[in-house]
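Student: Here it is, the structure in full.
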Amino acid sequence: MNPQAILARILEQHEIPYEEMIELMRAIMSGNVSPVMTAALVTGLRIKRESIGEISAAAQVMRELAVRIEVPDASHLVDTCGTGGDGCNTFNISTTSAFVAAAAGAQVAKHGGRSVSGKVGSADVLEAIGINLDQTPDQIARSITEVGIGFMFAPNFHHAMKHAAPVRRELGVRTVFNILGPLTNPAGASNQLLGVYHADLTGVLAQVLLRLGSRHAMIVHGSDGLDEITLSGPTKIAELNAGEVREYSVQPEDFGLERAALTSLQVNSTEDAQAMLLSVLDNHPGPARDIVLLNAGAAIYVAGKADSWARGVETARDMLASGAAKQKMQALVEFSNQVSA
């Protein structure tokens, strides 16, 4: 395996064969490819546009090298995670939605880290509300089983990423590493709501997840660039369910919700993001609550806790109105600090 030769082929717009991509990723993740060459390779792949096979191979390697979390019954296990890198600087929509989905009976294996390209990452806001991020795999497995939700702080589970992390940080642009995070859930969640930073990635990642054995997933991209289901206009969806992929688009009006500008959801600090998350869990009406209804409804649906997305949205509404979603957040704060004491 010759990284220079692979780079030359990438620059000529050639796809890297699956087995060769596996070998290349193992070399990168073991520190056997220099930072300069790693940066050139991932930038070249980005310009060429990563193929289904290349992404699948890279994700397979990251999954192999990840610290695993074993959950006894994973049938309703779901992750709500985005690629980030959308530049929209919204509050943590998928993180807030995770509490709502957990309140509805989904088992949420939330996977995330600190912000790389946005204002506030999921780990930043969860830490701000009092959740202890430093938990062992066994403790997180218990959290998922007993509380219904657990948070996996990505750096604690993807130790091999330490070789690529400085490159990713210094480049400061979207690369295959943005795509890989949501594809490498340490608990192996086979149900997923996955937001992506580019519309072209919806169908691509649906095919990747199909190859990787996912059960029910929705890959979403808002027309405003948001890596979530958006309120400002249409959202492009690629839905993988029972081995088949269907592509379509939805609008807020399809669920009886009003459109709202992206600016109404943007934050400038962790404090702003925390305040908006808590406002939604307190069931305060407005665009923040509405966008969580849309996204949590989808998560509830893919987790198998509603037989349609529309019913998932109504269940999400009930979870916020009853206070069950806020109670789920409080339960996770309490559990994470008990087990870490």
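First residue shown is number 1, and so on along the chain.
Glycine residues also receive a Cβ, built from the backbone N, Cα and C atoms like all the rest.
Okay, these came from Swiss-Prot:
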type: BINDING; residues: GLY82; note: anthranilate 1 binding site
type: BINDING; residues: GLY82, 85-86, THR90, 92-95, 110-118, SER122; note: 5-phospho-alpha-D-ribose 1-diphosphate binding site
type: BINDING; residues: SER94, GLU228; note: Mg(2+) 1 binding site
type: BINDING; residues: ARG168; note: anthranilate 2 binding site
type: BINDING; residues: ASP227, GLU228; note: Mg(2+) 2 binding site
Student: Roughly how many Å separate the Cα of SER94 (5-phospho-alpha-D-ribose 1-diphosphate binding site) from that of ASP227 (Mg(2+) 2 binding site), to the nearest whole number?
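Tutor: Answer for this pair: 10 Å between alpha carbons.
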Student: Tell me the Cβ contacts of HIS111 (5-phospho-alpha-D-ribose 1-diphosphate binding site) under 8 Å, same chain only and six or more apart in sequence, or just say none.
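Tutor: Within the chain, HIS111 (5-phospho-alpha-D-ribose 1-diphosphate binding site) has Cβ neighbours under 8 Å at ASP79, CYS81, PHE151, MET152, ALA154, PHE157, GLY181, PRO182, THR184, ASN185, PRO186, ALA187, ALA189.
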Student: How many Å lie between the Cα of the residue listed as 'anthranilate 2 binding site' and the Cα of ASP227 (Mg(2+) 2 binding site)?
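Tutor: That separation, Cα to Cα, works out to 19 Å.
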Student: Have a look around ASP227 (Mg(2+) 2 binding site) and count the other CB atoms within 10 A of its CB, chains all included.
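Tutor: That number is 29.
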Student: Counting across all protein chains shown, how many other Cβ atoms sit within 10 Å of the Cβ of GLU228 (Mg(2+) 1 binding site)?
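Tutor: GLU228 (Mg(2+) 1 binding site): 28 neighbouring Cβ atoms within 10 Å.
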Student: Find, among the binding-site residues listed as ARG114, ARG168, the one whose Cβ has the highest number of other Cβ atoms within 10 Å in the structure shown.
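Tutor: When each Cβ's neighbours within 10 Å are tallied, ARG168 tops the list.
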Student: Of the binding-site residues listed here (GLY82, THR90, ARG114), which is spatially closest to ASP227 (Mg(2+) 2 binding site) when Cα positions are compared?
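Tutor: Of all the candidates listed, GLY82 is nearest in space.
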Student: Look up ARG114 (5-phospho-alpha-D-ribose 1-diphosphate binding site) in the DSSP assignment and report helix, strand or coil.
Tutor: coil
Student: Find the one among the binding-site residues THR90, ARG114, GLU228 whose C-alpha lies closest to that of GLY82 (anthranilate 1 binding site).
Tutor: GLU228
Student: Would you mind reading off the Cα separation of ARG114 (5-phospho-alpha-D-ribose 1-diphosphate binding site) from GLU228 (Mg(2+) 1 binding site), to the nearest angstrom?
Tutor: 18
Student: Could you tell me the C-alpha distance between GLU228 (Mg(2+) 1 binding site) and THR90 (5-phospho-alpha-D-ribose 1-diphosphate binding site) in angstrom, no decimals?
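Tutor: Between the Cα atoms of GLU228 (Mg(2+) 1 binding site) and THR90 (5-phospho-alpha-D-ribose 1-diphosphate binding site), the distance comes to 10 Å.
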Student: Where does THR90 (5-phospho-alpha-D-ribose 1-diphosphate binding site) sit by DSSP, helix, strand or coil?
Tutor: strand
Student: Would you identify the secondary structure of the residue listed as 'anthranilate 1 binding site' according to DSSP, in three states?
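Tutor: DSSP call for the residue listed as 'anthranilate 1 binding site': strand.
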